[in-house]
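As given in TrEMBL:
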COMPBIAS  A:46-56  compositional bias 'Polar residues'
DOMAIN    A:655-719  domain 'CBS'
DOMAIN    A:752-809  domain 'CBS'
REGION    A:46-65  region 'Disordered'
TRANSMEM  A:118-146  transmembrane segment
TRANSMEM  A:211-236  transmembrane segment
TRANSMEM  A:257-279  transmembrane segment
TRANSMEM  A:285-301  transmembrane segment
TRANSMEM  A:313-337  transmembrane segment
TRANSMEM  A:390-411  transmembrane segment
TRANSMEM  A:423-443  transmembrane segment
TRANSMEM  A:501-521  transmembrane segment
TRANSMEM  A:528-547  transmembrane segment
TRANSMEM  A:583-605  transmembrane segment
């Protein structure tokens with residue numbers, strides 16, 4: 001299937017319903033598509049239909065009210081399809097949650113009747129926990145598999161294991177008897193490609209062979225990744241977090257969390273990471289975990305049939321993704337809370353935490369790195385910090401903020417270019433070119449040749465006296481014996497090796513910054529955490545060494561006085577540089593992730609200072625994080641929960657119809673014929689219609705969704721005798737007497753929402769936006785002194801906000 | 001002042017306005033009372049009144065609407081007092097937040113004009129962070145002071161330092177030169193009371209003297225505590241968390257967070273902890289931190305004048321309180337999120353975290369325990385755990401759940417007794433009796449004689465071979481030399497000392513359980529964390545030693561096989577037993593607090609298992625936590641955000657007026673005279689009145705609050721010429737022409753809320769409750785087909801919920 005510009009955000013082609021159908025068909029994502037055709041059949045299989053029983057109870061309870069004596073008529077059984085949503089539409093949180101409460105109430109009421117029903121009720125209550133357990137286990141296992149496979153393929157670029165090609169470098173030498181402790185990563189069983197082909201591991205020719213093989217494998221992996229994504233699951237590209245944010249806010253993108261996406265994303269993630277492109281696996285792991293959760297939801301009716309409940313599970317899955325990516329369960333939960341989730345009740349907090357723990361421990365039992373740690377770059381140190389050291393941390397924060405702002409602008413500009421120009425048509429070529437350039441430039445520099453995680457691990461490393469790494473290439477002071485080991489470690493002048501390493505690091509920094517801008521958003525799975533952590537770690541190490549040398553040569557400077565005397569300078573501490581704060585605008589969760597990585601509260605204050613600074617600096621250049629920017633680029637209907645609506649418009653300014661528009665399309669509760677209703681629905685494209693008492697009084701009765709209306713009329717015409725175009729459509733409780741010779745009326749009160757949300761025309765928009773956000777509304781009706789005046793949809797609000805911000809209101813594509 | 005039953009929850013006497021005034025007067029809590037008289041004076045001092053300018057913009061923007069050409073008339077300057085709340089009333093979150101957005105908008109708009117205004121805008125943006133910094137510093141400092149003072153006074157019960165009475169035992173011996181390493185807590189400078197009085201530290205007579213002195217001091221401290229609370233700040237008693245939860249949900253209790261409460265609570269907390277009563281300082285520390293925050297809020301106009309913004313700060317302060325209580329900043333933030341806060345935006349998350357960190361580091365710099373740890377009972381171990389060990393953890397969880405359920409029932413029953421019987425009149429006597437009983441029973445048992453924190457610290461201790469503690473009184477195996485140190489430590493039979501210790505611990509467990517039930521809720525500051533942690537730690541240690549001995553004597557049992565072979569059994573690991581889960585129903589935050597105390601992810605899974613089990617077990621006996629139970633006991637209007645409303649009633653069943661009631665009291669937008677309005681207001685007690693177009697059409701225009709109406713009419717009568725009882729009251733935008741000889745009309749559109757919330761009569765109550773919770777409403781109007789039908793207030797909902805749960809609906813006291 002052909003859907004070229006997808007990953008750079010071009011949904012334009014998808015906007016048309018025809019294309020959506022194609023996507024659904026070609027995707028072969030049956031398990032997702034079936035939601036569209038899902039039937040609320042529990043009402044027909046159970047002996048007491050839930051809504052009828054509920055409304056019966058309501059009628060009984062409603063007798064003591066002051067309203068009409070009988071408020072709710074017994075609803076007919078709901079038709080298949082009524083109450084479901086179309087693709088690329090927003091769900092109605094209130095309705096979904098109310099539906100779930102009805103279901104829950106029914107189960108609770110039944111549980112008193114028999115033991116079996118009680119068991120059903122208990123199993124229903126625990127199904128959420130069971131689901132969480134399964135999500136944790138599956139995500140943890142997948143993450144472990146991805147880690148192992150990526151490790152193996154990455155090493156494949158450099159050489160092969162002669163014992164068995166399925167061993168990675170480390171395991172190959174581990175199994176060998178000839179490995180010595182000094183040279184753990186050197187054994188005869190592991191041969192570089194040059195060694196295998198030319199027979200000699202050294203020399204210019206061997207270097208060229210290795211270089212070419214490196215590029216060859218990089219291109220092969222990249223090609224496989226992009227080809228698989230294009231062929232089987234276009235939704236598998238990118239980090240997935242912008243889309244998951246949108247889905248969690250109540251949008252429907254069918255197939256985005258389906259089984260094909262899961263399979264292809266898992267495979268291509270391994271390939272993309274191994275190809276050496278400047279991308280990480282952390283964002284995509286969140287997507288993978290959400291796919292697992294969505295697929296597992298199908299095991300439980302409670303979650304399969306309710307979009308709101310499903311989103312609670314997905315919120316928890318996002319926490320699981322981060323938990324396995326960083327081995328940080330608490331950080332994962334906070335990430336889900338701070339960054340991804342829209343609606344996060346306390347229940348979800350507990351379940352997220354549980355699932356994140358299960359996943360972390362599954363991953364630990366798989367032990368992909370062979371060190372009983374969950375990540376490659378675990379650090380642990382407890383040296384106290386000095387107040388002076390806050391200054392470089394804040395400096396790093398400023399750098400991080402600038403890099404974040406720059407990155408977002410450049411990346412969005414590039415993605416927009418990809419979306420709007422012919423560049424979008426050459427997705428495969430683009431990936432191949434970028435992979436080739438990356439491989440070409442990365443190989444000569446040892447810091448870019450290694451994978452992002454390895455680079456961070458290397459940069460996080462402490463320098464011990466015996467360390468052979470270039471980064472620890474300090475000159476040995478002549479008087480080592482006099483000053484003792486402690487001092488000689490802390491306070492040494494930089495040597496030749498360190499200067500080389502610094503140059504290489506500086507080049508790597510520039511290279512990483514540039515290539516990441518282009519890489520993020522290509523049609524392969526790509527995360528942003530690792531590249532931005534790598535940039536941060538490089539900058540931190542450079543600054544750390546710089547500070548150290550400055551302190552070495554200027555012991556007498558005032559600020560260094562107390563510092564050097566107590567413990568000498570330490571370049572290592574700046575390694576923990578959470579520069580992501582500028583890019584993603586996460587703060588607390590990032591600090592907690594770092595805290596979990598380091599396992600100590602010691603550095604939390606300088607880290608917090610750096611993160612907050614970088615957030616503030618980046619905010620000064622634009623308040624959007626990278627995910628929000630991508631959401632906007634793609635035109636998703638996402639109502640940012642963090643930002644306040646800061647304009648003094650009223651509901652009447654935003655509602656439709658505007659002054660110049662035709663009058664609001666509405667139905668009357670009686671007096672319209674089926675033909676008239678059909679004509680009205682045909683002539684408009686609105687997704688719902690208010691029902692009023694009469695056109696004159698304009699007093700609001702309820703709200704009917706277009707989809708429900710069409711399905712009901714269609715069904716009635718097929719099954720119900722005598723329903724023709726001239727039949728009356730009746731929304732009242734009591735059917736008015738009709739002429740004996742006329743066709744029987746069609747009663748549709750059952751599909752009408754009797755409690756539509758209304759605001760008055762004077763309601764300030766900030767309050768209206770608050771209501772939309774907090775209740776998760778699709779639309780809201782506007783009244784003036786009790787008369788219906790107009791309607792506000794989520795899209796109207798987003799268009800209005802775009803208009804205020806001088807952006808193109810038509811960039812909001814979906815409702 | 002006399003307000004006897006307060007702490008056990010008797011607000012009945014406060015219900016009457018007269019008494020409230022008395023409280024306010026006697027309390028001398030001026031800085032709180034001034035909120036009642038606070039004026040929105042920025043509208044009169046600034047050149048452009050904010051609301052006028054906003055409404056001007058709205059009018060301009062409203063021209064393109066389909067409504068009337070001119071929607072909002074320029075509001076007159078708001079009168080002093082309009083928009084404020086009375087004591088024991090619920091705030092309107094929507095209105096408060098809207099007010100703050102207006103203020104913010106005005107500052108932002110002005111900031112473009114001049115540099116000074118820009119600076120004001122920037123300082124406004126950063127004032128939140130500055131406030132957080134101050135809250136953190138102040139709370140940290142106070143917590144440090146409390147720790148030091150409590151430590152000193154606790155030691156005072158046993159003896160005195162001869163060098164200076166202001167030294168506690170540890171410091172006294174620290175300063176002495178004669179202290180040896182073996183006997184760190186024994187030095188000639190520190191003399192027990194018996195030594196000082198009788199001259200001999202040993203013997204029966206000395207024991208009796210010490211016993212009597214212990215009781216004397218305990219009684220003295222308890223008496224001082226209760227006397228201070230009664231005399232100066234009745235609000236200083238209890239843990240304060242139920243009230244803070246209610247305040248954060250939008251209730252007003254003037255003086256509860258005032259300066260007198262802060263001063264008295266700080267002093268009496270030290271006294272109460274030192275008196276040896278079975279209570280902790282953790283809950284009250286949250287109250288102290290909230291007092292600090294509330295007082296510091298008065299420095300910033302933004303927070304002083306806005307109840308909603310103030311509550312954001314208080315949410316963060318709750319996190320600060322836990323952060324200093326346990327040295328757990330992340331746990332504190334999660335505690336605030338999970339347990340205390342009602343409305344917790346992301347901004348608050350960041351700020352809470354910042355403030356919690358600042359407070360933790362302030363406390364660390366004060367270093368009250370002299371060990372650079374933030375708490376007395378820091379533990380650190382990294383031994384892995386075995387799957388078999390989950391079983392005892394779950395067992396502990398079940399015990400915890402049972403104890404939690406039992407505790408809540410017993411405590412609430414006792415508090416209700418205190419509230420309803422004459423017992424409430426003898427608060428001082430009660431405290432003295434309980435203190436005497438506690439001291440009498442606690443002294444002979446060394447585990448109850450020490451303070452709760454010391455006990456936990458002792459129980460958390462590892463047994464080393466040299467340890468002289470009774471708890472480590474194992475028999476030395478004969479073959480020590482053969483098996484090596486490691487094994488001999490892990491695997492020894494219990495000796496005489498250990499058996500004695502176990503007996504004492506078992507007695508202490510029973511004693512703690514019983515006495516805590518009576519203590520919590522007395523008229524002294526009392527927290528629940530430490531006692532319930534102590535109960536948990538005792539149970540955990542008992543079970544741990546039991547398991548260990550079982551394993552020692554039955555090495556061959558299947559379940560012990562793998563376990564003992566790998567590492568031997570460890571009684572220590574069960575020390576971490578967060579039994580609070582059953583009492584407070586916190587889960588995640590409790591686990592995170594434990595995690596921060598232990599500093600390792602290792603034990604998070606068994607801890608989580610224990611906590612979840614105890615929560616589930618306790619939930620089976622009743623879903624309420626101790627704080628919710630106390631809130632209900634006190635009749636506060638608190639709409640529990642965690643529990644779903646699970647009943648199928650409709651809005652029409654809950655709204656007033658009921659069928660038998662008189663018709664809804666409403667105003668018409670024109671045609672009523674001042675006299676008629678006053679008569680209506682006088683004849684009813686409602687706190688607000690809907691305004692309709694006319695009595696016939698019942699079409700809703702707006703909503704007017706009683707307080708605003710009274711103030712406005714009163715003001716108009718005083719200042720505006722010609723306003724007499726016969727004057728027309730007009731709520732329309734255009735004043736209707738009035739007879740030339742008649743009195744001028746009184747225009748009151750300015751005080752009318754033009755955007756009252758409405759639901760239809762068919763709206764299910766679960767949705768309505770959701771709206772109330774999420775938007776923080778005070779009231780909501782009910783309409784049917786566009787006609788006004790009735791009104792639902794928060795109190796109506798709570799009464800309805802009480803009715804459903806077969807509780808007394810009249811237990812809800814406030815609106």
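Counting starts with 1 at the first residue shown.
Cβ from N, Cα, C; glycine included.
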Item checked: Among A:313-337, A:390-411, A:423-443, stretch most in contact with the transmembrane segment (A:528-547) (C-beta, under 8 angstroms) -> A:390-411
Checklist line | Stretch-level contact, the transmembrane segment (A:118-146) and the transmembrane segment (A:257-279), CB cutoff 8 A, at least 3 pairs | finding: yes
Note to self: Restricting to CB pairs under 8 Å, which listed stretch, A:211-236, A:257-279, A:390-411, is in contact most with the transmembrane segment (A:423-443)?
What the structure shows: A:211-236
Next item on the list: Mind tallying the domain 'CBS' (A:752-809) by DSSP state, helix then strand then coil?
Entry: 23 helix, 18 strand, 17 coil
Checklist line | Non-local residues, at least 6 beyond the ends, that sit with Cβ under 8 Å of the transmembrane segment (A:257-279) | finding: 27-29, 31-32, 142, 145-146, 149-150, 153-154, 156-157, 214, 217-222, 224-226, 228-229, 232-233, 235-236, 240, 247, 285, 287-288, 290-295, 314, 434-435, 438-439, 442, 449, 451-452, 512, 515-516, 519-520, 522, 524-528, 530-531
Margin query: Within the domain 'CBS' (A:752-809), what mean pLDDT does the predicted structure show?
Written below: 88
